[in-house]
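Structure, as structure tokens:
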Ligand code: ATP
Ligand code: MG
């Protein structure tokens, strides 16, 4: 088994995988097998009996990467990877805090606030403190708080010479007090709280130090100071801290990541020098040469060589569109051509610097009837109706969650006016109790009866927790809260919102908790973590759309890097700042190195962005790629064509939309289907298998919907 595990590794990879039980840093460029080395090392440690599954702590950058690592491990070894501690920093800290919630000073049902919720919590606080949000914009306050948390600093440890910073520190302290009162934690707090838990509790830290003998970290270049400190606490002086990373792919400096952690790791653990991997297994020669040429323009690099024996491959294709719409059509045309040649949609990705760019692309893809999936964007759980329903669920789980209470106390409108809410807030402040407690105690006033009815509603729901499944609970919430009636009465958007709420019930029905007794809390946690992570699941055969940030660590046969324009990529905020520009260049390096075989670069001469037409010039990054590697494709000069007819109106399905062995509960991508309520539509994407299949359908009159085949009745057309 060992021989099999190690077969195919090159000598440096083998050296890294079989590194003795001591700390190491693998420093290597994109596609050189860092992630593969990390996964193989875990398998090797387990299969040689050097470590038990419980002794491993694996840190990945995204939840998706963690799941992938677990899948690969289970394929290599007969171990139950679900119980292993493999996850993101946030996920692992959350897990530890759930176990030791008392020691951490948290309620058992503490909830996680995603960045959007944090921002509304700050707005609420500023109001209470009577601080102008023009002078102290919530965004800036959040950045101040998060930045300090990520550096491990509490408000009490800060001092200031100017009154502005003094005020910020005051707000920080009040914010922490508010979070504690409400039993909620933001993302940065997860880490800081866990760090403090371990640093203040010697016995507990000792317990974990004895347990995790091997700590393995992927994408180490993007760890921040607090994350590194957390790792050091857990590693102590004995554990083997095995980190892999690439300074050229450090793309989170804006969020406090520190490439300097690599140098610190070498010094702190007496590591003689990094292990270097130099062979790239991902990309053909032209792509690799382009990436190397590009990143050479940065200074202060730790320096690396990367080569491939894959041959030059095809030239890099460059397309200069006359508009963003033309660019999007170009992408669609090329994708269709590749599909005709036999490529899978899911092996292709379209990358963009900024989320707003996806709109034009989506529009063209829908017109072309191409199945696609957007990774990221705060999709499902960001929608208004879902947030409302989830706020009720939060209240059921923990009524002291003030954010949740404020969100729904008068949604749907039940006659509790702003004045009454303010009274409740005053009461809560004066008595030092949560809004819920204040609401229960509120009496008198014009809306006293209505407030009492709201309290009754929440109490009625809470009383049913033990009796109902999670899906039944959510269904009850939607009915009893009045949300269903609210959207049923909404002719414009109601239908879609109701479909989304039904989808939430489906999601709850399909949710698999680790601990059934904690199902509700786990569901709420999973929703918050999903919403905060700009990444979604792969699976069905669909074109992948994502920001460059979200593409880190991934690879695709064909990659389109779109919007290569000054001000967009590099981003306008970086144009006058050499540090910022170098980070943008690393981002471009990440984008280019995602491609295995074919790379497209595109730009547009005019683009609609934030509601305005812009006429940008082509990105400098295009010119930094040696021109002999590039083949420029002729652009279209004609004005934009009329939008294509909706695909379900064409007589025959085009060849590229025919099923490619993909059967999803009797349906396939590209098929026309009928639904009693939504009418006729086309299946554009699917996920799941067996009895658990969800189809994404583009309905002629109702737009895109995800439907669960267990519930939705579809007919083939
Ligand atoms: P990134 O910096 O982008 O995260 P990475 O260094 O983590 O890249 P991997 O994703 O581990 O690189 O590997 C890149 C590709 O090369 C993967 O498809 C992997 O399976 C393949 N690969 C790595 N090592 C070998 C090898 N020795 N033989 C064949 N293929 C390999
Ligand atoms: Mg990797």
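Every residue gets a Cβ built from N, Cα and C, even glycine.
Annotation comment: TrEMBL describes 28, 29, 30, 31, 32, 33, 34, 35 as ATP binding site. A 10 Å cutoff on Cβ-Cβ distances gives residue 35 (ATP binding site) a total of 20 other Cβ atoms nearby, all chains included. Classification of residue 35 (ATP binding site) by DSSP places it within a helix.
The domain 'UvrD-like helicase ATP-binding' annotation in TrEMBL covers 7-284.
What TrEMBL lists as domain 'UvrD-like helicase C-terminal' is 285-553.
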> If you average pLDDT over the domain 'UvrD-like helicase ATP-binding' (7-284), what do you get?
Replying inline: 93
> Which is it, of 28, 30: the one of these binding-site residues whose Cβ has the most other Cβ atoms within 10 Å?
Replying inline: 28
> DSSP on residue 28 (ATP binding site), three-state: which is it?
Replying inline: strand
> Which residues, in sequence order, are found in the same chain with Cβ within 8 Å of the centroid defined by the Cβ atoms of 28, 29, 30, 31, 32, 33, 34, 35 at the ATP site, excluding those residues themselves?
Replying inline: 246, 277, 280, 282
>> I'd like to verify something. Among the binding-site residues 29, 30, 32, 34, 35, which ones have a C-beta closer than 6 angstroms to some atom of ligand 2?
In response: 34, 35
> Counting only residues 6+ apart in the same chain, whose Cβ is under 8 Å from the Cβ of residue 33 (ATP binding site)?
Replying inline: 9, 10, 13, 277, 279, 281
>> Out of the binding-site residues I have (29, 30, 32, 33), which ones have their Cβ sitting under 6 Å from ligand 1?
In response: 30, 32, 33
> Including all protein chains displayed, how many Cβ atoms other than that of residue 31 (ATP binding site) lie within 10 Å of its Cβ?
Replying inline: 25
>> Let me check the 10 A CB neighbour count of residue 34 (ATP binding site). How many other CB atoms are there?
In response: 26
